[in-house]
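Okay, structure first, notes after.
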Amino acid sequence: MKSLKLPHSLHSSHGGKTLIPFPNRKLALSTGLFTRTITLFSPSIFPSGHCDLRVARRMQFSMSSTSASIQPRSEELIGDTSKDLPVSGDSIRHRFLSFYASRGHKVLPSASLVPDDPTVLLTIAGMLQFKPIFLGKVPREVPRATTAQRCIRTNDVENVGRTARHHTFFEMLGNFSFGDYFKKEAIKWAWELSTIEFGLPANRLWISVYENDDEAFEIWHDEVGVPTERIKRMGEDDNFWTSGVTGPCGPCSEIYYDFHPERGILDTDLGDDTRFIEFYNLVFMQYNKKEDGSLEPLKQRNIDTGLGLERVARILQKVSSNYETDLIYPIIEKTSELANVSYALADDHIKMNLKIIGDHLRAIVYLISDGVFPSNIGRGYVVRRLIRRAVRTGRLLGIKGDGRGNLEGAFLPVIAEKVIELSTHIDVDVKDRSPRILEELKREELRFVQTLERGEKLLDEMLVDALSRAKENGTAPCLSGKDAFLLYDTYGFPVEITKEVAEERGASIDMNGFDIEMENQRRQSQAAHSAVKLDVGNGADLAENVADTEFLGYNSLYAKAVVESLLVNGSPVIQVSEGSDVEVLLNKTPFYAESGGQIGDNGFLYFNDGENLQKAVVEIKDVQKSFGNIYVHKGTIREGVLEVGREVEAAVDPKLRQRAQVHHTATHLLQAALKKVVGQETSQAGSLVAFDRLRFDFNFHRPLLDSELVEIEGLVNSWIGAATILQTKVMLLAEAKKAGAIAMFGEKYGEQVRVVEVPGVSMELCGGTHVSNTSEIRGFKIISEQGIASGIRRIEAVAGEAFIEYVNARDYHMKNLCSTLKVKAEDVTTRVENLLEELRMARNEVSTLRAKAAEYKASIIASNAFPGIS
């Protein structure tokens, strides 16, 4: 970091306390009459950045009272006493881990940004790798742990560069207790770390607690000594953490740093970003939330904390934003060099663009390093969106070429080299993976640039037209959803970028129209049944007069229902006679309607003919949803006459339903196996769950190896053999996501969603039907694997009864082949190879004979033409 030039001077003193990166020093801690002297030794104790503490700090305690106030005291420096060294981000990370390691915490490595938990898209918090422990699903291995976790959040990406603290990539330093220590220790250590280890002035720190958490309030005030006027009680939205609809939860307490104490203590708002920054959050998991919303005390109370590294670095390095710390500023400095601008002299807009690139390149590099590659779905879409946003931002800054003489070259890899250079103490694997990271960045940038100029020109024309129309009509300018989709589909513009550009010009986007276009494309790309279309003239009226269908098929394959409406060729009728094709709308049904890739149920509708004899009225061959949640049963009248208002008995074919749900659960297992074998970056791109097979499309850059297919089959069949009971529940969408369920890209969900979990394997939002136990699947076999589009692969497979039929058919054909060739099954390959060789040789002989015959014929013809020539 010798050449690093930060935009503001970084002083080593803070509130009278000298701070150096790796101190050897003595501290005197005062807790009223409680005094202790601590000798701290240089923490060269993490050989690979993540190993256990080998050399602990030595502590000497002298106690004269148990009184309660912890206050910073003057400190005596030992060893290197340079007062000009800034506090580096790397040293803050190291000192945090050392602090908690010396207090019995095991130092654990950061988890990947692609978590082991298949229900979560990306790692968004330090506690994620410990989620199974907090939820009581696995036993703890250690009572205490501490980590420096790499995290990604893109929910507020539009704020990146605009505020001093928002990022897509950040590091969360955390200390965790699994049923060991609790509130008092967590609070006291957090204060000691802040005021003694990092030397923050106590009079600049404010505390928030949950409004009903009197225990935390009393610890902060009575035992730590924070004045009551600097402790704020806050509501559930701000200071109460929950893991989902039910489960572990508890109050939070946060530590804020005050940049402007001169403003006083009256009418203070901790949410004022110009004055305060929250840098340390303590979560006290002490309750279990039950289904009725009531709280009961947990038997094992846990601690989950998070300290934002970039935020603490901003405070200790005395700069105006996180971006100006040594964690990010070198990347901004490199970008400034390529753009030929000075960050210090730049206006706010240019600074914002420099910050966007500085932030996004960190996220991009670490995501690609962890195996997430650009694509149009799932995690890959996150990377692609960030790359394309960075490319466009670079163009706005005037960056041309790679800064090394190639005006057609890519600039992102050049900036990424700086990110990789800074990665040593964050993730040691990044440098080893740098060739692939840089190559992927170069390929993606150049691919986007090919269409960017045309797309930008077209977008400009669209916005000029939208602004002109709005001015003529006196309306608010709005870009149509169709235009936004054209830019997305043809020119690769993420709709978020189109939205940003439009807002810069004062226009909005018709997002509903865009979503409709996306849905239309998704439907057209699926090789499934054609959608049911109600008559244009009467369909809308019908939808208004027919209520949504009540679906009973999760729990029953049989139900009594009333015929609400009948349609023939899309038009409503009162009755339908034998032999006619018909669409039947019922008030409730056990039939599953096609959705989520699963085809609709087959079965029959019965009615009583007056003689207490049941007769088949309609044979149902397909069920579709239309106009929201109206189920349309498509079939043929086999007997009698069906009328509107008649009560019928609806019965699903149980054998076909079993085939469908076997294939649906097998699809979930297949996706989980794919992620485990070829990488978490694979994402679903489409699926078909039929009675005779399943089809799964996924994004991946190469064909799968035979060995990988064998391993995938083996994993799925092992999960089938484990006889795991599936778990399903219905909850609000927001609560389901909070609980960790993953929503598939491109799917639309209502407020209520159904979560299907194969414990230990997968958890997905899914409205389909599934087996109750994986053993019902019986067996799984991949039939084929092939590419269907650029970066999209397709697997077809069979399971359950279809698997047995497939194996039996193969066995039948093999037996016939063995009989014909008169060899054993294990000798068929050799025999066929020999036959092919014999055939090849025979063909060569025939070809030679034909050539000789042709020569002979030619000589005969020549002799006949010239009889005198011998």
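Every residue gets a Cβ built from N, Cα and C, even glycine.
TrEMBL lists 87-809 with the feature domain 'Alanyl-transfer RNA synthetases family profile'. The Zn(2+) binding site feature in TrEMBL is assigned to His664, His668, Cys766, His770. For 818-859, the entry in TrEMBL reads coiled coil.
Structure coloured by features recorded in TrEMBL.
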residue: His664; record: Zn(2+) binding site; Cβ neighbours (10 Å): 24
residue: His668; record: Zn(2+) binding site; Cβ neighbours (10 Å): 26
residue: Cys766; record: Zn(2+) binding site; Cβ neighbours (10 Å): 26
residue: His770; record: Zn(2+) binding site; Cβ neighbours (10 Å): 25
8 Å Cβ shell about His664, His668, Cys766, His770 centroid, Zn(2+) site members excluded: Gln661, Thr665, Thr667, Val689, Val756, Glu764, Gly768, Thr769
Local confidence of the coiled coil (818-859) - pLDDT mean: 91
